[in-house]
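The structure under discussion appears below in the form of structure tokens.
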Amino acid sequence: MRKTAVAALICLYTFTIYCGSSIYVPSVGQVMEEFNVTETAASLGLALYVLGYGFGPLLFSPLSEVPYIGRNPIYIITFAIFNLLCVGAALTESFAGFLIIRFLQGFFGSPCLATGAASLTDMFSIIYIPYSLAAWSGAMYCGPALGPLLSGFSVVVQGWRWSMWELPWLSCSVFVLVVIFLPETSTPTLLYRRSKLLREETGSDKYIDAASIALRAVTPRDTIKAALIKPFEISLKDPSIAFVNIYTSFTYGIYYSFFEVFPLVYPKIYGMNLGETSAVFVCVLIACIIGIIWYLSWYCICIEKRFKALGSYDVPETFLRPGLLGVFGAPIGMFLFGWGARDSIPWEVPTLGIVIYCGFSFVVGSGIFIYLPLGYPHYAASLFAANDALRSSFAAAAILFGRPLYLNLGIGKGCSLLGGLSILGIVGFWYLFRYGDQLRKRSKFTIQQ
């Protein structure tokens, strides 16, 4: 029960940080007026936040693996800085200063977005990890979706700064819970603290943990290489990881482009106001719930019972199986949204396209996030950090090119372009499922278990 409560707190922490990105979206119009900037410039308030939380884990994830640091100090210190920056974002009178703060918000809010998965794997045995990671992925998906809903109606009445104040109200509450209730979960850190306590109590230096011994052989150069070079080296040299990063970056970028295309569809075509447009994002929550039920039902029925009987799973690619159907959801959802968005068709039709896209993409992503640490356990932290950086970089770019794309090509053709490109992902995903085991065996980065 305690593990479940801690996992829920990590998910809430993750939800809060992701929510902080899109809670700004309803404010774009008023930011343009107050600072006299273009729509693209105002969108940087979202794009830079996303970019910041993509690159933060490259620094914080390796630090959290150091035994004498651990995960909790990283969480608490960076989250405290995040809360101070939230206040700064609400009070700043300079547009340039506001953009800098938004980037720093994402950067210092990022540890839980990559290390959160590591904290969950610290606590749960391998058979229950899919359940915890599915909940964590749900928080990752729903945070950006519900952000506009939290501020959409209030911004109209209270002004754009109100959305910036809503974020610290939420995050400060979660921060208090993190400080009080979140325990240290890193096994090397717990062993380090225990051995240190034994040395202090006995006065003997013979008590020392294995991680500290291994750390003595690690130079600062090794640490920098592991943090900044190794993640991208694996991504470039290993074809399986390269495909996973490209595919997840592309689908994540499309997801964030919705923040640019929704204002072109629901207010202009269907006459919705700002609050009603923000409420449409609830469909992502519905899609996420469907995706969780789908993936975990499959796991419970097809994998968990077999795992308990045999004591192991077949190959990591097994967890990609639900995605074999899920990858078809991206092009179907995009085509339905793009060509259903017209005044002669009810708004529920394009919204159904969003549900299909997000629900199916969630199933694919859940399989991938379980596949990575199981297929490449020794480099799991590096792989998550690189994936987060690449996904967020493409998402930040999608925020900036999304509106020009849809304005120049039109909603239908723009979605057709993205949907057509996602068809390539179907071929790649099926190939990964069929030949991934062989590719991993030939990879120099694979650690045979």
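Cβ coordinates come from backbone N, Cα and C, glycine included.
Check TrEMBL against the ranges 1-21, 43-63 and you find transmembrane segment recorded for 43-63. Highest Cβ pair count under 8 Å relative to the transmembrane segment (279-301), across stretches 107-129, 141-161, 240-259, 407-433: 141-161. Only sequence-distant pairs (6 or more apart) were considered; of these, fewer than three Cβ pairs between the transmembrane segment (352-372) and the transmembrane segment (167-192) are under 8 A, so the stretches are not in contact.
Counted over residue pairs 6 or more apart, the CB atoms of the transmembrane segment (43-63) and the transmembrane segment (167-192) come under 8 Å in fewer than three pairs, which marks the two as apart.
Residues 14-27, 30-31, 34, 90, 170, 255-256, 259, 273-275, 277-279, 281-282, 284-285, 288, 291, 358, 362, 365 of the same chain sit 6 or more residues outside the transmembrane segment (141-161) yet have a Cβ under 8 Å from a Cβ within it.
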